[in-house]
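Down below is the structure, laid out as structure tokens.
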Amino acid sequence: MIVLGLEGTAHTISAGIVDEKSILSNVSSTYVPEHGGIHPREAAVHHADKIYDVIKRSFDNAGLKPEDLDLIAFSMGPGLGPCLRVVSTAARALSIKYSKPLLGVNHPLGHVEIGRKLSGARDPIMLYISGGNTQVIAHLNGRYRVLGETMDIGLGNMLDKFARDLGIPFPGGPVIERMALDGKDLLELPYSVKGMDTSFSGIYTAAKRYLSLGKNKNDICYSLQETSFSMVVEVLERAMYYTNKNEILLAGGVARNDRLRSMVNDMARDSGYKAYLTDKEYCMDNGAMIAQAGMLMYMHGARQDIMETRINQRFRIDEVPAPWIKDENSISFKDKGAESIITNGEFYGRSVVFKKRPEKSYRDKRLDLKIRLERMKNEFYIMYYLHKTGNAPIVYDFDRFDMVLTIERINGLTMNDYFKSKYDENVIRMIADAVAKMHGLRISHGDLTPNNIIISDKIYFIDTSMGHLRCSDEDIADDLFLLYESMKSLYVNGHEMIKHFENEYSKNVEDYNYYKELIKKIESRRRYV
């Protein structure tokens, strides 16, 4: 099967041709603004001017003609409206002229599938970082799911904005990477991770302030990279634990950054995962990735009438079925958490687990020590207060020098393991009661996923290191949002589970509708919703 793919979501117009085995050609032209960032209409003018030449060269390089095609695929979204309209119009014109079937493709799906094609990865979790996107994506229950993402600006956008403050034209990320190599001092920047989601606007504001104070520019660039990259690699590692998968795929324009690539490699090596780093040429937006995704969709039954190919600027990857992937959950985490190593033992005759937070080699040592100590102290205090509800194990000892917590051992199954084999409405109600009790004390968990809930004779919460005492209403809504998203992603009957949870939780919490509105606001901050 021979497929032409046309990409044009942002700054790059590209045409690529693939078959089942290889990439036959890939030709691109990138719009570079004279000043500032990308101007959508100017980029669209560039695309309209270059698209004929890009398509012609792609056919010439492949030694093919339009008549040889079996399918035309184009990037339907997400992206900049004027740019998307140029590429979709060209794709429709080719489809009509040569009587070829047409498919609109989700742009992030293209990044996943070209990465899999080039690397041989089977069922990876993808860390996708570009100018507009920062997402952790995994295939679960028939389609790709967004497990975590930025709640404001993309990481690449943040780097480009700061580069403009330095007087560096677009694209500024590569220059920041070079400047960071000469940085030494780690400046304190907000480390903004909430559960599986991240935020970069606060980091940008703080970096801009350091610039106004006259701090060394190389040090600011170094700190900007170390902090923001550590955040996304941490969320990626948590996603690996959360899904039990063992393959990592790195993609997107920012994935060309050598420091980010080394951090992902270090994390994978230390944790026993396989890391696949997309070839730098194909990290950038390209037509071949759209062709590859379109081919897989078509081979698995996807068809679109031309009237169904309207662009969608807010097109999310989790809207697209992906039946060609077989989920492979092959890693057991009985002796480790996302950030810890667990060993069983005794403490003065009591059965306990020793939870150690080891160094993370991918992080700057100064940042790593700060995060580990803060998280461990926070976990100790929250577990202490939460134990009063009966829904947390006892913490017997806190060794801040060796970074070890000694915790009562609970015999039971995580919620994730429990619901793999059966569905129990009563257990959902027990979980809802326990969560309501925790929130009633104004305690938030901070990472309320099925791997951090143990089902035994009652419900226990573990790993509260990202939670809050005297928490805000939004902290509570964040807990619920993360738990609901986990249920929808991990379980076929996730929506039914949420319904039963809500019914029970609302009995124990005043004005649950208020929290539902907060959850909607949190969801609205995600990209393309």
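The backbone N, Cα and C atoms fix where each Cβ goes, glycine too.
Per Swiss-Prot, the features are:
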- Asp447: active site, proton acceptor (ACT_SITE)
- His107, His111, Tyr128, Asp285: Fe cation binding site (BINDING)
- Tyr128, Ile129, Ser130, Gly131, Gly132, Asp160, Gly173, Glu177, Asn257: L-threonylcarbamoyladenylate binding site (BINDING)
- Asp335, Lys336, Gly337, Ala338, Glu339, Ser340, Ile341, Ile342, Lys355: ATP binding site (BINDING)
- 331-529: domain 'Protein kinase' (DOMAIN)
- 1-324: region 'Kae1' (REGION)
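Shown here: features listed in Swiss-Prot, placed on the structure.
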residue : record                                    : contacts (Cβ under 8 Å, 6+ apart)
His107  : Fe cation binding site                    : Glu7, Thr9, Ser75, Met76, Gly77, Pro78, Gly79, Asp285, Ile290, Phe315
His111  : Fe cation binding site                    : Met126, Tyr128, Ala251, Gly252, Thr278, Met289
Ser130  : L-threonylcarbamoyladenylate binding site : Gly154, Gly156, Gly252, Gly253, Val254, Asp285
Gly173  : L-threonylcarbamoyladenylate binding site : Gly156, Leu159, Asp160, Ala163, Gly253, Val254, Asn257
Gly337  : ATP binding site                          : Tyr241, Lys355, Asn451, Asp463
Worksheet item: Other than His107, His111, Tyr128, Asp285, which residues of the chain come within 8 Å of the Fe cation site, judged by Cβ distance to the Cβ centroid of those residues?
Response: Thr9, Pro108, Gly110, Ser130, Asn133, Ala251, Gly252, Met289
Worksheet item: At its widest, how many Å does the recorded L-threonylcarbamoyladenylate site span between Cα atoms of Tyr128, Ile129, Ser130, Gly131, Gly132, Asp160, Gly173, Glu177, Asn257?
Response: 18
Worksheet item: For Gly132 (L-threonylcarbamoyladenylate binding site), which of the recorded positions Glu339, Ile341, Asp447 has the nearest Cα in space?
Response: Asp447
Worksheet, complete the sentence: Cβ proximity for Glu339 (ATP binding site), under 8 A, sequence spacing 6+, ordered by residue number, returns Glu234, Glu237, Arg238, Arg357, Lys360, Arg372, Arg375, Ser465
Response to the item:
For the recorded positions Gly132, Asp447, the largest set of other C-beta atoms within 10 Å encircles the C-beta of Asp447
Item to complete: Inside 10 Å of the Cβ of Asn257 (L-threonylcarbamoyladenylate binding site), count up the other Cβ atoms and send me the figure.
Response: 24
Worksheet item: Judged by the number of other CB atoms within 10 angstroms, which among Tyr128, Asp285, Ile341, Lys355 is the least packed of the binding-site residues?
Response: Ile341
